[in-house]
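J.: Annotations per Swiss-Prot:
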- 205-207, 211-217, T405, 434-435, 442-444: ATP binding site (BINDING)
- D237, Y386: L-glutamine binding site (BINDING)
- 204-214: motif ''HIGH' region' (MOTIF)
- 441-445: motif ''KMSKS' region' (MOTIF)
Amino acid sequence: MADLEKILERLGISPEKRCQVIKKEQVVRNMEKIFLGRDLSNRLLYTLACIAPKNADLGLLADLVDARVIKHESMLKECLRYTEKKDVSMEEMTRFVKRNEVSSEDVRKFVAKMRSDRVAKKDMVSKARKAMPCADFRVVVEEINKVPDDVDGGDEKRPLEGGWLEEGEIKKLPKPSEIPQINEEIRQAHLRRTGGRVVTRFPPEPNGILHIGHAKAINLNFEYAKKFGGYTYLRYDDTNPKNEEAEYFDSIYEDVRWLGFEPYKVTASSDYFDKMTEFGFQLIRKGKAYVCHLSQDEICERRRQYVSDGTNDRSHLSQYRDRPVSENLRLFQEMVDGKWEEGKACLRFKMDTDTKNPLMLDLVGIRILDVVHPRKNVKYTVYPTYEFALCVSDSLEDVTHSFCTREFYTRQESYNWLLVQLEIYKPIQWEFSRLNISNTVLSKRKLLPLKKYGIELDDPRLFTIKGMRRRGFPPEAINQFCRSLGFTFAETTVDVKKLENFVRDNLNRTSRRIMCVKEPLKVTIMNSTPCSISIPDLPGSSVVRDVPFTPVIYIEKSDFMEKGDKDFLRLTPEQPVGLYMLYPIRVVKVTPDGIVAERWDGVPRKFIHWVSEDSVEVEMRMYSSLWTSFSPKDATYLEEMNKDSLKVFHGLCDKRISDARIEDRFQFQRIGYFCVDKDTTKENIVVNLTIPLKNIA
């Protein structure tokens, strides 16, 4: 038995698994036969011992494994099935193996075919196993893991790459060459400039940081252009400098790149202010714009009266509407020259007021603002409005598909009207529903008041891009979530659990495992000596790291119960427990200083994690939802905040966390997924709970 235990240890079998193996008489007998005179380090021989039925020809199969004819478990299982029904020779078995071998190239081709056949990733493994039972399963899994994820931790589907853009109304959008234009000359000139490629833009206003809703728009714009071989601008809508700050320009660019997207070019509406001023003069000359001296409040009141009177008397909109063109040109030039004060004059569009659309009631196109532009560091005399800048910037950048959220639908008419009057290229507009997510708020108007509670915009409890990044959400998971939603006109609220499923699934596959105890309980093991054990970074990973073991360890306080009950499966004075990757222990006595235990040779009911005496202290910030209600109400969302959404523990981690860097992600076994916070220093590692495990043992 001692020799067998050494063989198992040499094969890298974990201590708890060794305890189980030596209790299985059939496996022990198989191992004694198989390893006699053969390579004791061959893990496949151990597999044969574990899976071989009683009547198997162990000698023949072991010889084939030892000779490296059978090289992996899948082929071994097929050989076992083949030999079940008849006696075969070494030569026949060798021919069987050669005949059924599946190369890595064959696996790659089969996975590629499944992708082209639109097989969901969750179904690929079973299909591959059925079609290629003799293929090396590790190679199959490696190839399938290269496929973009299409299934989360539950049953919700993620489309294959590009597939999410081929469903619903979005797949009906016209090609660049099919987009209606004022005339064919404009269309052909545009196609020459772009080469007929799709051009999109993501146009955020630099007055705050991005959130999960923006991530959906970013994915749409960048991925739609990519699908058709096009490109995407990142364009700052910087037409409202009083609400904008220089820091947000850099912050937005950083967030877009962190999500994995690289803009074709970074621009701003302000890059085209001079051109928009020229267009202002052009519209005046066409009789489509005039200088107005009404205040903003007066303009709103005049519009209200115009709609309520129902007389269609356009002079109600402004007494300045019918000024002569020459006077409008002179006054607008005075505005440009800085001769008018803020609020004393603006340029309004002379629009088609027969429509019922309130955004066609002579919009303000250019106004005077007494402020220095935060990006240009220039004090412009006149500033175009959002309504003017959006469509003109889209046209000047040859944007083919202008994507906006549904609330901008009413702006479509004014957008097209302006481009027609200017006789320039006209993109197609397409609206989609805004992303609302449960148990949170997203608007800047609601987020800024949180500062008085000590909650900044990058707080891990918020669903801003920076908040999610700090919490440890992988950008790939955020993108997959956004692409899973599809596009509809109906506005709904998505359960945050859907996003969490994507995050958990990603972290389960990618995050290094660490042992950590949140509330340490000291255990002294009497009959033990210091040693070092090798633990893989991930289950099945070839990358292993050494973890020191000392006679004094710490376990989770909740893993011990002085007076246990029948449902408690971990350590009690009467019930031993196994230590992960080590051996079982049992309690000798309980003292004020902790537990005194000793090594035990039995088979425990449960294994628990632990850390050694020289472990690393970490500050654990255990976050939960900032709002417990599914949809926080506008009027009471501050009162609805969860006052217990952050709890701080000072836990102990094994030595593997010593080299952690900010934003590194880990799975703390049996606790959850964590991310190293930016507050970390050399003296103090701070980690944020990203998301709990689905089932905490």
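Cβ atoms are placed via backbone N, Cα and C, with glycine included.
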J.: Quick check for the class: what is the C-alpha distance, in angstrom and rounded, between D237 (L-glutamine binding site) and E205 (ATP binding site)?
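T.: Rounded to a whole number, the Cα-Cα distance is 5 Å.
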J.: Among all protein chains shown, how many Cβ atoms are found within 10 Å of the Cβ of T405 (ATP binding site), not counting that one?
T.: 15
J.: Take the Cβ of K216 (ATP binding site) and count every other Cβ within 10 Å, whichever protein chain it belongs to.
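T.: Around the Cβ of K216 (ATP binding site), 24 other Cβ atoms lie within 10 Å.
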J.: Based on Cα distances to Y386 (L-glutamine binding site), point out the closest of the binding-site residues E205, H214, S443.
T.: E205
J.: Note down the number of other Cβ atoms within 10 Å of the Cβ of L435 (ATP binding site), including every protein chain shown.
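T.: Other Cβ atoms found within 10 Å: 22.
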J.: What are the sequence-distant neighbours of I212 (ATP binding site), meaning same chain, six or more residues apart, C-beta distance under 8 angstroms?
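T.: Spatial neighbours, sequence-distant, of I212 (ATP binding site): L435, I437, L442, F463, T464, I465, M468, I478, C482, L499.
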J.: In the motif ''HIGH' region' (204-214), how many residues does DSSP put in helix, strand and coil?
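T.: Split by secondary structure, the motif ''HIGH' region' (204-214) comes out as 3 helix, 1 strand, 7 coil.
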J.: Summarise the model's confidence over the motif ''KMSKS' region' (441-445) as a mean pLDDT value.
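T.: Averaging the confidence scores along the motif ''KMSKS' region' (441-445) gives 90.
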J.: Reported in the order helix, strand, coil, what are the DSSP residue counts of the motif ''KMSKS' region' (441-445)?
T.: 2 helix, 0 strand, 3 coil
J.: Does anything in the same chain, at least 6 positions from E205 (ATP binding site), have a Cβ under 8 Å from its Cβ, and if so what?
T.: Y236, D237, D238, N240, N243, E244
J.: Which site among H214, Y386, S443 has the most other CB atoms no more than 10 Å from its CB, taking these as binding-site residues?
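T.: Result for the most crowded candidate: H214.
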J.: Among all protein chains shown, how many Cβ atoms are found within 10 Å of the Cβ of D237 (L-glutamine binding site), not counting that one?
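T.: I get 19 for this one.
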J.: At a 10 Å cut-off from the C-beta of N207 (ATP binding site), count the other C-beta atoms across all protein chains.
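T.: Result for N207 (ATP binding site): 16 neighbouring Cβ atoms inside 10 Å.
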